[in-house]
Each structure stands twice: as C-alpha cells, then as structure tokens.
C-alpha cells in the first residue's frame, strides 16, 4: 500500500513552539508505524518561505526576506531532526523546484478553465504606496467581532477578504487603507461544490477526518463555496506565469498547499523513484496540521487536486485543536510560548514526544504545564517504563553476568502482546494516537506488576528455574515494548535496541530474544522539581 503523509509547512518567520509540534508530531508517528509494517511511505513537509509574515519581519529588521527564511529554515531542520522527525523530503517554498511545480499547477488549472481573470477592489495603503496583501491588513472580524487578519479569523475560522474587515488598518504603518481597483486571477471554487460535498459525506461515514474538519467543511459547503483570488500583489512568492502579470504572485493559500505536490516531485527527482502511486485514488493519504489550516486542506487542496486530475484527495485529515500554555492561549507576540530550540537544550526529546501525545489536543484544546510535564516524565517514562526496563536488565547484569537466561514465553503474555500489536496498530491508523500510547503504558504497568508478583529476587534463592522463566519473559516484554513504542519514543527505543542488540524492526511480535545485554544505563534521568520551578519563573518573566 502507498502511504502519503503531508505535514503542514511552518512559516519561516520565527522559532517553532510546542503548539507547532503538537499538531505535526502525528505525522512522524504515522510514518514510523507504516514503515515498520513494510508499507511504501512518502512523508514530506517544508518551510513556508514565501508568506507575508516573512516579508513583514524582514522589513521590520531591515534585512531581506531570504535572510529571515534561511535563518529559520535551518533552525526548523535542526529542531525536527532533534525531535526525531523522519521526513523523506523536507524542502522550502522559495526553491526553484517549488516555483516551477506551482507554476505548472497554476497553468494546468488555467488551461482547464478553473482559473479566470477578474477586476476587483483591493486595499491600498497611501502611506506605503502599495496594494496590501491579505496579511498586511488587520481589523475586526465581521462575523465574531474578534481581532482578525485579512485572510482568516483565528477565533471563528472564517475565511475572509481584507475588505470584509471592520476597522481596517495597514499592518506596516497603522494607517487606514483606501480601496482601489486591480486585476487578479480567481480560482473557480464554486464549480467543485458538489464534489467537496460528496467528499465530506463520505468521510462522515468512514470517520477518517477529525470532527472539527468535518463540521467546518460542512459549514463552508452549506454557505456555498466562494471563488477565491489566486493572485496577489506580494513582495515575495511565486510569480504568475502569464505574460504581463509576472509582477503578481500566486497567492499563498494555493501555493503553500501545492508544496506537498512539489516536495513529492522533488523527492522523486532526487531518488529516481516514481511518486505517481502516491497521487492516485488508491493511495492512503494523511494530512497533519492544526485546526487553523482546515479549510486549506479540506476544501482548497482537494479542489486543486480535482482540477489537475489527481485522484488522491485527502483521505485522512488530522487536524488537532490548539495547545495552551499554563492555561493561557499561546501568544508568540507576547512571548507566551515554550520554544522548541529552548526546551530541546535541557530535556529528552522522548519526554517531549510522550507529553505531546498523551496530552494531544486531538478533539479539544489541551494544556502544556511544566508541572504536568515533570509528572509525565518522572511518573510514566522514568517511574513505569524506565523502572521496568532497568530493574530487569540490572537483574540480568548482576545475577546472570549479562547473559539472558533461557526460558519459554508465557502463553498469557504472548496473547497479550499479540493483541497489543493489533489494537495499537488499529488506533494509529485511525489517528487515535493517545489511545494507542496509553494502551502500551497500560501494558507497561502490567509488566511491573508481573515483576513484583513473581518476585525474582526470592525466586533466585527458592526456585532458580522459575526465576529464569520470569526474567526471560520480562525480556520478551521489553523487546516488544521497544517495537511498539518506536513510533512514539524512538530515542529510548534505540537505546534499548543497542543494549539488547535487537535488529528486527518489523511491526510484529518479537519471539526471538537476545542472548546477552551490553552496558546497562538508566533509560531516563529524574527531573528535579526545582528545575521545573525555574522554568515556570522563566516563562512568566519573559512575557512582553
């Protein structure tokens, strides 16, 4: 089976925060799981280097947009690598390859009659002497009356036009923009109304889109899909490939989602592989992002794919809700965030991955609390999983000289492990990552109980053969926990693999066990509560 996984493209205008990772981490879990199953996986993403936020930041700092994009693209790559993300292709939207691919898609849509020209009114700043792209205009949402940008309201998820806003202001200088006529290209989104409606009806039956994606898309369909501008007067971006319009740029909402397609084509060129299997109707596709990106993946991207004749419209939409920080809405402008480069300096990446999975905002907003982070690490990773692994391996090191004793697999444990692979696999495929990880840790707690009830420290004196059986079965459980937890906790899984010399990485019960162990080290270190108190003080002290 061909599995395509697309992770949303973060804007390269500032550091990643935990909210980004909370929405993107499911993509890596899926990719690792499906590879272990032996499926053909293509997992792509990249940095959005063409967005208006980058141009705004560059202007504020007196540098070029490329300077900003280069800085954060490189930082993103380091962060994703440090967190264990296994992208097959992580690229950027200001690359020549991306520009060519997007222009080809634009021309195909134009040739098929899905794009047309239209004279429209647009916000114009007399002070800055320029037309204002959507994100250069800020004001009040006409629907919910919250602060909003000219392209979308984060509060109510309404897709907006800058002229819809109340109390409009130029983001660059703060003046009230005027309205002038200009010519732009438009995407005939209304012509895909019935196809999008059918797609939503289908996923309601299969349950393969998150509820928030279904509900929001149903709302758009009910209101009637509106044609959207596909060009803008932007300072940076992909030029319109039509004579006389080269100064205009392809609008980011269609250009950025086409990044999945361009990254796929880039991967194919780089590897010599054929990527077409990931774009036909038989492919299993997952799009992983936050709820603010829903309309771009549930309406616009499917319409683009239908418009260019590709069959692989999103089968799974994994649209997480928001992550708050210490019960407050995350705010980058106020520096109310936990920044990824910062947290990676001091904490195990598996601790971050574990917390953001068991506390994932899958169906509702969830909160990152430093105290809860401490608890999840010390109680679950260290106290449950690390404890079981270390007590078993230390016992072997101390009493068997590092040689794993002979034994036979307990039938009850064997059935439990085989059932766990099936249950966890199904949960991952259904994008229920929290359920999957909690099921494994239920088994970890069972394993600790098994060790305690068998009391191998007594068996060693009273019944050495039973002791060997107990320890053998504990190693059996560890070997399988390593495989089951690989998609979630790749770093600790790798450490145990090295200790036990486990080679098999397939998603299947491990019945062949290692014969010896090498240099047992603690799987996790305890986090001191004083360190967490310092983190909380630092967070509150950094607020602008």
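Backbone N, Cα and C atoms are what each Cβ position is placed from, and that goes for glycine too.
The Zn(2+) binding site annotation in Swiss-Prot covers 141, 144, 153, 156. Marked as ATP binding site by Swiss-Prot on the basis of sequence analysis: 332. Per Swiss-Prot, the feature motif ''HIGH' region' maps to 10-20. Residues or ranges marked as motif ''KMSKS' region' by Swiss-Prot: 329-333.
Between the alpha carbons (Cα) of residue 153 (Zn(2+) binding site) and the residue listed as 'ATP binding site' lies a span of roughly 17 Å. Counting in whole angstrom, residue 156 (Zn(2+) binding site) lies 19 from the residue listed as 'ATP binding site' by their C-alpha atoms.
The Cβ of residue 332 (ATP binding site) lies under 8 Å from the Cβ of 14, 17, each of these being in the same chain and 6 or more residues away along the sequence. A coil conformation is recorded for residue 153 (Zn(2+) binding site) in the three-state DSSP classification, outside any helix or strand. Its Cβ placed at the centre, residue 156 (Zn(2+) binding site) has 13 other Cβ atoms within 10 Å. Here the motif ''HIGH' region' (10-20) has a mean pLDDT of 96 out of 100. Looking only at the binding-site residues 144, 153, the densest Cβ neighbourhood within 10 Å occurs at 153. The Cβ of residue 141 (Zn(2+) binding site) has 147, 148, 153, 155, 156, 158, 160, 165, 166 as same-chain neighbours under 8 Å, each 6 or more residues away in sequence. Long-range neighbours of the motif ''HIGH' region' (10-20) within the same chain, counting only residues 6 or more positions beyond its ends whose Cβ lies under 8 Å from a Cβ of the stretch, are 47-49, 51, 53-54, 56-57, 68-69, 71-73, 75-76, 79, 92, 290, 322-323, 325, 330, 332, 337-341, 343, 352, 356, 368. Within 8 Å of the centroid defined by the CB atoms of 141, 144, 153, 156, the record's Zn(2+) site, lie the Cβ atoms of 142, 143, 145, 146, 148, 154, 155, 157, 158, excluding the listed residues themselves.
In the three-state DSSP scheme, residue 141 (Zn(2+) binding site) is classed as coil.
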